[in-house]
Amino acid sequence: MNSQSHLGPAGMSTDPLVVSLHLTSLENISVHCTGAQDIQLRRPPSIEDLEDLPVLISNCKNCRGPSHKVDLGDVPTFPLQSLRSATATNVKSAAYGQPIRTQRLGNDWEFAGWGKTVSTELSPEVVEHHGKIEKHVQIGEFRATSIVAIAVTGGVLYTCGPSIVVAGQYAPISLLLVCIVVFIYRFIFAELGSIPLNGGVYSLLLVGSTKFVAAMAACCSILDLSASAVVSAATASNYFYGQWGIGNVYALTIGVLALFAVLALAGMKDSANVSLVIFWIHLATMIALILASLVHWGRNGSDTLVANWNAPSPTGNVAYDIFNGFCLGMLGFTGMEQCPNYIEEQKPGVYPKVMRNIAYLVLCFTPVITFLMLVVIPRNEIEDNVNFALSYLGDVTGGRPLEMIGSINACIVLCGGVLCAFVGIVGLMGHMANDHLLPQFLLNSNRFTHSYHYIILSFFLLCVLLVVVTSADVMLLSLLFALCFLFVLAMFAIANLLLKYKRGRLRRIVTTSWITVLIGLVAVVAAIVGNSISSPSMIAIFAAFFGVLFAAMVILINEVPLLRFLVFITDNQAKMGNITNALVRRLKVARSHPVAFFTNHDEIHVLNKAVLYVAQNEPTMHLQIVHFFEDVAHIPLNLEPNCHILDHVYPKISIDLILVKGTFSPSSVACMAKALGISRNQCYITCPGENSNQIGDFGGARIIML
């Protein structure tokens, strides 16, 4: 059998590496390359012979790829994107041994060109000056807690009343079960803090899984944020309408969303100081309600509690009522999932403390206030005032002043939740656009306010659509929000399991056992099933919204395969030549952004895994393999020939080897990203060990293998 690769017309070589393997039998194998004598292997060949093949080929000057040296200059003359032009490929003949699908176009339009070897040097001065990674404003424990605690403690406003409606007198028991789940997830979230990257579950699954799985998590997160904004706006509108009777809930809900969309477009951002003030106001109001309820209980006795306890339960089945209350009560700590979205802004060691604080806040308020409602208010009155139950509790226990304070507090806290949702969506979708998962035009910002108007307007329209579909019904919105939130929680548990298995080398401050994570996941799945049974229409609405978002995401992820298919279709039609050319141009633009993989060794199976990851997850045709060295003698012997072999194995991806004299560090990676003209999100590394720099130090670089 004679296997000969990359031959052009008349058998002439069209690339720098031509190897003929003569396999007449296992006892007679010889290797011939265009620039060396026949290389005779022993009969039969040993494993060592075959492993030495790249070295033998690398000794041939004609089998080496084109080599260039690039001077990156000193501090003042450090050229941005200098390596982008140095590694640019002029596409040559595409006769790379594949059958031609497009007869009119040939294969040239798919061929990425041959890679190069580029050597350069990064001086310590250049790295120090140009490799600085922008640090986010670091906030402490209380400010970090206040941002997410507003949403978590605000859950009391739309959880206590509905949980009593579905669970009756057993609602406090249901919410205590919810608190157990909260404490389980406290440790799950704390362990995930080993990857301190903003972006929530999307970023975590992007590190621990594929882009496709991360896209599913992103869809759940987008729905979670939109449902959070809508349910907060609708509940605030109910409190406003119940207190002052102005307008109608439907119009007020859209008005609140429009107001905060305008504020977001004007450049208003979430402030930790503002969040802290709102949190303390809300905390004081909740404490006042609890104290007033206790005083009322002391004065009036337990007759109302006894009557509520002896009344028939909603279904007559105690276990089922508790389960229903548990399912809806899971809404009581929504907002907890937003804490990883700003983990980079938190000081080291703060994140686990925030998770602890959130767990205790849920325990101290949600079941307690629900129990006091049953002590003070008859169940039928709670059901009649379910949409503004807390202000009604204030009216019963403290009169008109406490009722008004409760309503004003509710409006402020819930509007703060709407603002947090708009801020969160900008961060999430911006992160996804930087990862080339969403269109790049979403990153266009207003030159005056620097706001991302396309993201904000898209999110506003999605929220309005939710309002229209649910008619601003708080009960329906609460169920939809619960489903979105529960799916996101399930994704966090799955991310934890994947990171335990695939990224076990990561340094962890907190470690959670497998059984704890599985219990948390089972509890969330049970809540999803329960909510789906109690409201089948909500699972249909969730599935519809998720399906549309995910379908759009799948199309964006598979843009390149879809374009290839369209080129194949149009190439067969002679009259569609212009359309074919336009599709090819779009295809080349879609594949034009390079990515970089940083390696410290030359094992071809590891390099091959990196290329496979890029081929399966990134629509690019340019991969730069970067290796840092301090002495030329320390460059792995097989690195260059292995890169050239892979360059020929994957003709649709141009694989360049960049040898950098310097020290590997987060700053040098940032420097190389600038020199290559790519974002740090497009820089890939292997999983750092216990004693090396951690992933958070790299400012967005992605782990793609163990």
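Any Cβ shown, glycine's included, is placed from N, Cα and C.
The transmembrane segment annotation in TrEMBL covers 142-164 (among others).
Positions annotated as transmembrane segment by TrEMBL: 170-189 (among others).
As annotated by TrEMBL, transmembrane segment applies to 201-225 (among others).
Sequence-distant contacts of the transmembrane segment (245-265) (same chain, six or more residues past either end, CB-CB distance under 8 Å): 229-230, 233-234, 236-238, 415, 418-419, 422-423, 426, 446, 449, 451, 453, 456-457, 459-460, 463-464, 467, 471-472. Residues annotated as transmembrane segment in TrEMBL: 245-265 (among others).
Annotation source TrEMBL lists transmembrane segment at 277-298 (among others).
The feature transmembrane segment is assigned by TrEMBL to 357-377 (among others). When Cβ-Cβ distances below 8 Å are used as the criterion, the transmembrane segment (357-377) is approached by residues 141, 145, 148-149, 152-153, 155-156, 159-161, 163-164, 169, 171-172, 175-176, 178-179, 182-183, 186, 286, 289-290, 293-294, 296-297, 300, 302, 304-305, 308-309, 329, 332-333, 336, 339, 389-390, 392-393, 396-397 of the same chain, each at least six residues removed from its ends.
For 407-430 (among others), the entry in TrEMBL reads transmembrane segment. Long-range contacts of the transmembrane segment (407-430) within its own chain (CB-CB distance under 8 A, at least 6 residues past either end) are made by residues 147, 150-151, 153-154, 157, 198-200, 202, 218, 221-222, 225-226, 228-229, 232-233, 235-236, 239-240, 242-243, 256-257, 260-261, 263-264, 268-270, 274-275, 278, 281-282, 285, 335, 338, 341-342, 388, 390-391, 394, 438, 442-443, 451-452, 455-456, 458-459.
Annotation source TrEMBL lists transmembrane segment at 451-469 (among others).
Marked as transmembrane segment by TrEMBL: 475-499 (among others).
Residues or ranges marked as transmembrane segment in TrEMBL: 511-533 (among others).
TrEMBL lists 539-557 (among others) with the feature transmembrane segment.
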Interface present between the transmembrane segment (170-189) and the transmembrane segment (277-298) (three or more C-beta pairs under 8 A): no
Selected stretch (most C-beta pairs under 8 A with the transmembrane segment (201-225)) from 475-499, 511-533, 539-557: 475-499
Range from 142-164, 170-189, 451-469 with most C-beta pairs under 8 A to the transmembrane segment (511-533): 170-189
For the transmembrane segment (451-469), distant same-chain residues with Cβ under 8 A (at least six beyond the ends): 222, 225-227, 229-230, 233-234, 250, 253-254, 257-258, 261, 264-267, 421-422, 425-426, 429-430, 441-445, 477, 480, 541, 545
Selected stretch (most C-beta pairs under 8 A with the transmembrane segment (539-557)) from 142-164, 170-189, 475-499: 475-499
Tertiary contacts of the transmembrane segment (142-164) (same chain, 6+ residues out, Cβ under 8 Å): 171, 174-175, 228, 231-232, 235, 239, 270, 272-273, 275-276, 278-280, 282-283, 286, 325, 328-329, 331-336, 338-339, 342, 345-347, 350-351, 353-354, 357-358, 361-362, 365-366, 369-370, 373-374, 379, 382-383, 385-387, 389-390, 410, 413-414, 416-417, 420, 474-475, 478
